[in-house]
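Undergrad: So TrEMBL lists the following for this protein:
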type: REGION; residues: 1-46; note: region 'Disordered'
type: COMPBIAS; residues: 22-31; note: compositional bias 'Polar residues'
type: DOMAIN; residues: 98-509; note: domain 'Amino acid transporter transmembrane'
type: TRANSMEM; residues: 113-132; note: transmembrane segment
type: TRANSMEM; residues: 138-157; note: transmembrane segment
type: TRANSMEM; residues: 177-200; note: transmembrane segment
type: TRANSMEM; residues: 248-268; note: transmembrane segment
type: TRANSMEM; residues: 288-306; note: transmembrane segment
type: TRANSMEM; residues: 337-358; note: transmembrane segment
type: TRANSMEM; residues: 378-402; note: transmembrane segment
type: TRANSMEM; residues: 423-444; note: transmembrane segment
type: TRANSMEM; residues: 450-472; note: transmembrane segment
type: TRANSMEM; residues: 484-509; note: transmembrane segment
Amino acid sequence: MDERPETELISIPATPRGVSTPEIQTPSGQRSPRPPSKEAKSSSAWTPTSFISPRFLSPIGTPMKRVLVNMKSYLEEVGHLTKLNPQDAWLPITESRNGNAHYAAFHNLNAGVGFQALVLPVAFSFLGWSWGTLSLTIAYFWQLYTLWILVQLHEAVPGKRYNRYVELAQAAFGERLGVWLALFPTVYLSAGTATALILIGGETMKLFFQIVCGPLCSSNPLTTVEWYLVFTSLCIVLSQLPNLNSIAGLSLVGAVTAITYSTMVWVLSVSQPRPPTISYEPITLPSSSASVFAVLNALGIVAFAFRGHNLVLEIQATMPSTFKHPAHVPMWKGAKVAYFFIAMCLFPVAIGGFWAYGNLMPSGGILNALYGFHSHDIPRGLLAMCFLLVVFNCLSSFQIYSMPVFDSFEAGYTSRTNRPCSIWVRSGFRVFYGFINFFIGVALPFLSSLAGLLGGLTLPVTFAYPCFMWVLIKKPTKYSFNWYFHWILGWLGIAFSLAFSIGGVWSMVNNGLKLKFFKPPN
């Protein structure tokens, strides 16, 4: 019997099937959702070639040693060994790698359906039946294709996982240019969405309270700003969950509530008598230039309806990945299920809402129209349930859209201190972020103009950048159909982004910066 220590006899630890050993064994700091077992601790530094060590090779002859060393070099050269950043084990997005297709479906559905669906009928009131339906259909299939591109590019380079949208942009466009192109729109999309969620959530809580309380409400009810503060406080409490996988339950709640209230609002709207003065002619403005800008803003609202691509790589980063079971397989399965339900929510809300209210649709969207036109016809309990579901969905969506910002805050801290964030530091970051969005919401209390501007400024993240990344990373044959297709699609996305942004700015300046909700009847 060999007298060497036991640690030398066990040279290749068993790896559970379908688990990426380097990723799971990476220490996850103070907030690891799954503390490593004793066996994991003994093999925390294991890699697929760790057995090719001087101790292991010492009794082997020189030819065999040379073959094994060459094999190790080859594997590292072609990238079969995933190069892991130890800092990832401390950050919210990559701290936990136990995601699956179900989690992917929950997260994508929570990010893909929300308050932006409620304002789609507003876009139809400016575009009309034909152009509204056509633009929504084209945007849906366009973003579905770019979603597939991002899923495939997550592990496009062997041995490298692009865990964040900015990382993929840096790999495609270069370190400095990638940051400039991707950082602003992704952060703006996360922060802008969080601000809009505070506006919608706070205002909906106010209406819910008024519906439930009715004439029994006190003489001094909370103001709109105070309701914003209440909603922000709830968001901050829920944001203390440590990482992206830990909010999978919240994403499930957000997905279920989004599907439920989206179905309720269009079913209730089409089941009620239509207003007598309804018209389906697109809204016309005094001047032709104003009409053009209004149409561009409406198209920006359609683009904003598909705003979850800045989270695709982050969601995929929460999954284990092995050579036999790469992460893109469960990710794409979950995404297909999610976007099937997204289509089942967006198209009926847009078409049914426009059919029910036509160009009488208020700027706040179909939920406001339902309350304004039919609050006396619909039972108060049913209406209150619909508003409460919207509040739950906004609370859930705030978490997933804020997670990339939390990740950026903690990445800056850990890179400077070379240690994970403590509970107090992490909580401080999240409280700070929540109240920053609250103050922005108080200063800019509008929705429909925000949706158009957000859709224009962040459109490249969804419709343009993935096409450029595919060409620059996959490198298809120059001047081939594949090459031309992606370049044209990308530049069309950039052109639409500029046009929709101009329309969004025009709408903000000319239509006012105040989102007006219907007041409850006396």
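Even glycines carry a Cβ here, placed using N, Cα and C.
Unlike curated records, TrEMBL annotations are generated automatically.
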Undergrad: Who are the chain neighbours of the transmembrane segment (423-444) in space, where the CB to CB distance is under 8 Å and they lie at least 6 residues beyond its ends?
TA: 30-31, 191, 194-196, 198-199, 202, 225, 228-229, 232-233, 235-236, 239-240, 242, 402, 405-406, 409-410, 413, 450, 513
Undergrad: Residue list, the transmembrane segment (113-132) vs rest of chain: Cβ under 8 Å, 6 or more residues beyond ends.
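TA: Sequence-remote neighbours of the transmembrane segment (113-132) are 196-197, 200, 254-255, 258-259, 262, 265, 280-283, 294-295, 297-299, 301-302, 304-305, 307, 341-342, 345-346, 349-351, 353-354, 357-367, 369, 390, 393-394, 397, 447-448, 451.
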Undergrad: Give me the stretch from 177-200, 248-268, 288-306, 484-509 with the greatest number of Cβ pairs under 8 Å to the transmembrane segment (337-358).
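TA: Of the candidates 177-200, 248-268, 288-306, 484-509, 248-268 scores highest.
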Undergrad: With contact taken as 3 or more Cβ pairs under 8 angstroms (pairs 6 or more apart in sequence), are the transmembrane segment (177-200) and the transmembrane segment (484-509) in contact?
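TA: No, the transmembrane segment (177-200) does not contact the transmembrane segment (484-509).
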